[in-house]
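Annotated features, as they stand in TrEMBL:
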type	residues	note
DOMAIN	9-129	domain 'MSP'
REGION	130-151	region 'Disordered'
TRANSMEM	191-210	transmembrane segment
Amino acid sequence: MSGVGENQLISIVPDELKFLFELEKQSYCDLKVANKTEDYVAFKVKTTSPKKYFVRPNTGVIQPWDSCIIRVTLQAQREYPPDMQCKDKFLLQSTIVPPHTDVDDLPQDTFTKDSGKTLTECKLKVSYISPSTTQRSSESGATNGDGNGSETISTIQRLKEERDAAVKQPQQLQHELEMVKRRRNQSNSGLSLKLAALVGLIGLIIGFILKLTLASPT
């Protein structure tokens, strides 16, 4: 097992998951996972609290010298943890797989330790950041003139933007779904009108033909 944030196959940035913690609000943190080898590397993300976090993708395959972004979303919580301390941990497992392997082709025992494969692991800690705490820290840094105040403020702003983006994503998806439904209903309505018009036209033609037939001398 390797140290935090790095092993022989991949590198992970950042090496700690930090979430801006506010009640009833989501927050997320992005992890950049880079393949440091000439092989195809498969990875899997595990956590000690799977109900609290939403990880996408939680399993994948990275091509040689390539990288991917894993988004970890902290679900909205109803209460603060004691002393804002978080004991949750994440484990990122990685192993070499055959070239051109797709994530859907991974065997079920890919990340099983007793499968005979070389399996490397990285542990990642989790920490929560309170808006009030970060605000006090930024004010203190600005007063001391040590240059850390602006950096802390930018961190707060970034975390808030990430949280707001995570909250807006489901709303955008819902809006797009409603638009698709409306277009489908409009399309069906237009088709029904065209069909009704066509049936009416056929009825008029048939009526006209019958009228001509009946009116013809026998």
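All positions are counted from 1 along the displayed chain.
Note: Cβ is positioned from N, Cα and C throughout, glycine not excepted.
The structure displayed is predicted, hence computed values, not measured ones.
In the predicted model, the domain 'MSP' (9-129) has a mean pLDDT of 94. Per DSSP, the secondary structure of the domain 'MSP' (9-129) breaks down as 9 helix, 61 strand, 51 coil.
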